[in-house]
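What TrEMBL says about this one:
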{"type": "TRANSMEM", "residues": "15-32", "note": "transmembrane segment"}
{"type": "TRANSMEM", "residues": "39-60", "note": "transmembrane segment"}
{"type": "TRANSMEM", "residues": "138-163", "note": "transmembrane segment"}
{"type": "TRANSMEM", "residues": "197-216", "note": "transmembrane segment"}
{"type": "TRANSMEM", "residues": "228-251", "note": "transmembrane segment"}
{"type": "TRANSMEM", "residues": "257-275", "note": "transmembrane segment"}
Amino acid sequence: NSSEMPETITSRDAARFPIVASCTLLGLYLFFKIFSQEYINLLLSMYFFVLGILALSHTISPMMNRFFPANFPNKQYQLLFTQGSGESKEEIVNYEFDTKDLVCLALSSVVGVWYLLRKHWIANNLFGLAFSLNGVELLHLNNVSTGCILLGGLFIYDVFWVFGTNVMVTVAKSFEAPIKLVFPQDLLEKGLEADNFAMLGLGDIVIPGIFIALLLRFDISLKKNTHTYFYTSFVAYIFGLGLTIFIMHIFKHAQPALLYLVPACIGFPLLVALAKGEVTEMFSYESSAEILPHTPRLTHFPTVSGSPASLADSMQQKLSCPRRRRQQSPSAM
C-alpha cells in the first residue's frame, strides 16, 4: 500500500525535518558514548537485516520478472492477519504476493545473511541502494518551494554537524548499518577485501533524489516531451558530488556533501528556468495534483470517525435504505 500511496512532504514537514534529524543524530551520538557500541550495533544489524531484505526484494522484483519463463508456475498467496471476531473483526495485515515475490525474497535473504555474517561492503551497498531507491519512491515533495525549504534546512544541518562538531563523523564511523554507501579506496591493492573506505550517507542521495524526481514530474506537466529540468538537476547532482570528492581529497577532511549538492541541485535548474522564462510555472507547480502514468493514487480521502464495526453498520443501513441515501445533500456526505 505504501508503494501505491507515496508520503507527501509538506512545507511544515520540510521545516521540521532538520530539527528532528538533529535530535536523532545527537541521540545516536549519546547512545554510542554511554552504552556499549557492540550491543547497539547488534540490535541495529538485526533491525536493518529485516528492513534490508524487504527493501532489496521490492527493488529487484521488476527486474527479476524479466528472467522468469512464460510457463513459470506462478501461484498467488495472501497473508492476512486480523484482530477480533465477528462484526468487530479488523484487518491488521493484508498482503498479497506470488511465487516470483518469494524467489526475490529468497535471493535478498542470501544477501542479508552475507551482510549479517561478514558486513561486506558489497552487501552493505546493495542494501544502501535499495533503501535509497525505496526512499525516493515513497517520499514526494509537493512543490519546488517545499523542496527549497527542505534542502536549505538540511544544508545548514549538514554543515553544522560536520564542521561545527565531530558528532556526524563519529556516528557515521560507529554506526555499523547500511545507512551509507562505502567506496573502497584500497580496492586495487586488496581487491574485494578492501577495508579503507570513503562514505556517502544515504541522506545525500535520497534528499536531492526526491527533489530531482519532483523536477521530472514538473517536466511531464509541461507536456513538451522534454526532460530539461530533470537532466539539468541530474547533471548538477553529479557535478556537486564530484566537487565534494575533489575538495575532500584536497583538504583531507570529511566534507558535508549537501554543502555542494544543494546549491548545484537548486541553482542549475533555477538558471534554466530563468533562461526559459518559466520561473513562475516552476514555483506554482503542485505535484499533488498530478496523476502520473503507472502510479496508482488516491485522489480523495473521506473523513470518517468511529470504530470499523460502527462504520460497517452505518454503511449497511445506507445500502438497505436507498431512498434515504439519495435525499442526503453533498455537504452532508
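Including glycine, each Cβ sits where the backbone N, Cα and C put it.
TrEMBL does not curate its annotations; it predicts them automatically.
Among residues of the same chain six or more beyond the transmembrane segment (197-216), those with a C-beta under 8 A of the stretch's C-beta atoms are 9, 21, 121, 128, 131-132, 135-136, 139-141, 143-144, 147, 150-151, 154, 172, 179-185, 227, 229-230, 232-234, 237, 240-241, 245, 248, 257-258, 261-262, 265-266, 269, 287.
Against the transmembrane segment (138-163), stretch 257-275 has more CB pairs under 8 A than any other of 15-32, 39-60, 228-251, 257-275.
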